[in-house]
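Visitor: First the structure, which I've put down as structure tokens, then a few questions once you've had a look.
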Amino acid sequence: MLEQMYEALQRLRKEKPVILNITNYVSMDFLANCFLAIGASPIMSVSDLELEELIGLSSAVYLNIGTLDHLFIQRSYRAVDIAIRQNKPIIFDPVGSGTTKIRTEVSHHLLAHSTIVRGNASKILSFGDLSIKTRGVDSANTTHDAKETAIALANECLCGCAIAVTGAVDFITDGKRSATIELGDPLMSHVTGMGCSLTGVLAAFRSVIDDSFEAARLGVEYFSLCGMLARERCEGPGLFKAYFLDELYAADFDRMRRYYEQ
């Protein structure tokens, strides 16, 4: 599997795919730096006027509803329509789905047309049960709780969707294939924007891998392994953030192999 990961990263760094990000303002800087570290070329757009052109230039479209308002909703819906027309993959992070009515409704609309969806267990469960309430961006549920919902959602999506349920344990499925991943480090949950950036990395991997399940699986594994390597070098979240970017960039597969083969 490390060989597949290496090949995908080499393609990323050779092709430098453009990823259009329609995302939140909280994690935008860190997200852009993660894209650059792995070799992708991010565009962070906030204008409806250039959507058609930018999606035409992009290899994937990343939607993240972290900072939601009516203008963002209109922009994201229009981006989906254009991306479908241009046959571009849509990678979606349903931040806060299940927390408020509007977030849940927007998430349901965007889910139907997504190529990859990534969220913690509570966000994924909110798609299957409108009565579920979540705690902002945090999850009160475990990955195991969300497995059946994730498989059902993957089978219901219109675009052959892969669902990535992430947390202490990660679960990836496209409805037919599934993978459980036990990598990463608890310190990753103490850095704002880490989940948003993980979804961005999945968008980058999907831009060079046509199989959404494989793109999600390899992206989650690479991101998690980089977190483990960064944790070796620090004790707290401040330095961790910097070292994590270094590890994304370094792609030290010799060090990764120690964790991957345990």
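Placed from the backbone N, Cα and C atoms, the Cβ positions cover glycine too.
According to Swiss-Prot, the feature substrate binding site maps to Met44, Gly193. According to Swiss-Prot, the ATP binding site annotation covers Arg118, Thr166, on the basis of sequence analysis.
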Visitor: Give me the CA-CA distance between Met44 (substrate binding site) and Thr166 (ATP binding site), in Å, as a whole number.
Guide: 24
Visitor: If you count other C-beta atoms within 10 angstroms, which of the binding-site residues Met44, Gly193 is the most crowded?
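Guide: Within the set of binding-site residues, the most crowded position is Gly193.
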Visitor: How many other Cβ atoms sit within 10 Å of the Cβ of Arg118 (ATP binding site)?
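Guide: So the Cβ neighbour count for Arg118 (ATP binding site) comes to 30.
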Visitor: Please report the Cα separation of Thr166 (ATP binding site) and Gly193 (substrate binding site) in Å, rounded to an integer.
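Guide: Just about 14 Å between their Cα atoms.
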Visitor: Could you tally the C-beta atoms, other than its own, that fall within 10 angstroms of the C-beta of Thr166 (ATP binding site)?
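Guide: Total other Cβ atoms inside 10 Å, all chains included: 28.
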Visitor: Does DSSP give Met44 (substrate binding site) helix, strand or coil?
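Guide: It is in a strand.
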